[in-house]
Amino acid sequence: PRRAPDTPAPPTRASNASRPGVSAAAWLRTALAPGEVIAAPSGAFERDPQESSTTDEELSRAGSTTPDYGEKRLPQALIVGVKKGGTRALLEAIRAHPDVRAVGVEPHFFDRNYEKGLEWYRNVMPKTLDGQITMEKTPSYFVTSEAPKRIHSMAKDTKLIVVVRNPVTRAISDYTQTLSKKPEIPTFEVLAFKNRTLGLIDASWSAIRIGIYALHLENWLQYFPLSQILFVSGERLIIDPAGEMAKVQDFLGLKRIVTEKHFYFNKTKGFPCLKKPEDSSAPRCLGKSKGRTHPKIDPDVIHRLRKFYKPFNVMFYQMTGQDFQWEQEESDK
């Protein structure tokens, strides 16, 4: 496919304090323990054919349903990841804010549609008034190697939001989504290992590779300082949506308008739903594709995956200065 010319890379902007001694890429070439060699991926990150794909028709429709006032602007903030982390829930919640306008579909501009140019991208956006923030979310940006450079060349002060969750549950959720569309695929256990007997995890399988957050973050820190990236906990977005939304609104420089009165907990689905506080209309819950029941996975496979992810998680905590407590959460079980 044709690619738009990329601008030369700017000098590294990440402070050394945010970088652990060993890079995540180097970790991928290192054996974690005897018999637990990690399969290094071959070539670029593969595109998961099961990821939701947005059609041009949907995009043009998204751009044309906005009111007639205001103007279309390039986004000042992006939800760049991660797939199956809680990005849709976050987008729906932040759209309840009167100073935010966001496109509902995923434009996939910085990964799949870049050659269409910035004017095409701007046209997909909703119209905004002065003082309103334009946003979009495409979770695959986080794992697309060209995305940080391309976003930086659009606007180096773009604010980035990454929703992360425990990489083991994220991988299972990712697999569950694919399974619902392609019931004939092999079991999770088969796909997760290059060699089950040797305990060789297949790090090139996208469901596993997306969760190596430290590896992907290194790429973003070449272009953006940590102060421009907000990491949202997918787990806390479910347990305490108002608390996480307070951080998001602060990060975007918005008044804290989306609060606990916007949410109610849906016991059937097991996660919060959004309601409009000013009226008594039925709350808006995420669609039937969200909150699917996960298939039962062999506990030994879960244990091996936890071991696989642990050094990367620790590295991610060091890089971000945030402890997401995924290991603690597992030891509680």
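Glycine residues also receive a Cβ, built from the backbone N, Cα and C atoms like all the rest.
Sequence annotations record features per position, and here TrEMBL assigns active site, for sulfotransferase activity to Lys84. Residues annotated as 3'-phosphoadenylyl sulfate binding site in TrEMBL: Lys84, Gly85, Gly86, Thr87, Arg88, Arg165, Ser173, Lys290, Gly291, Arg292, Thr293, His294. According to TrEMBL, the feature disulfide bond maps to Cys273-Cys285. Residues annotated as domain 'Sulfotransferase' in TrEMBL: 75-310. The region 'Disordered' annotation in TrEMBL covers 1-22, 39-70.
Sequence features, as recorded in TrEMBL, placed on the structure.
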residue: Lys84; record: active site, for sulfotransferase activity; CB count, 10 Å: 24
residue: Gly86; record: 3'-phosphoadenylyl sulfate binding site; CB count, 10 Å: 28
residue: Arg88; record: 3'-phosphoadenylyl sulfate binding site; CB count, 10 Å: 20
residue: Ser173; record: 3'-phosphoadenylyl sulfate binding site; CB count, 10 Å: 21
residue: Cys273; record: disulfide bond; CB count, 10 Å: 18
residue: Cys285; record: disulfide bond; CB count, 10 Å: 19
residue: Thr293; record: 3'-phosphoadenylyl sulfate binding site; CB count, 10 Å: 7
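Cα separation, Cys273 (disulfide bond) to Arg88 (3'-phosphoadenylyl sulfate binding site), rounded: 12 Å.
Cys285 (disulfide bond) has Gly86 as its nearest neighbour among the recorded positions Lys84, Gly86, Ser173, Thr293, going by CA to CA distance. Summarised as a single figure, the pLDDT of the domain 'Sulfotransferase' (75-310) averages 93.
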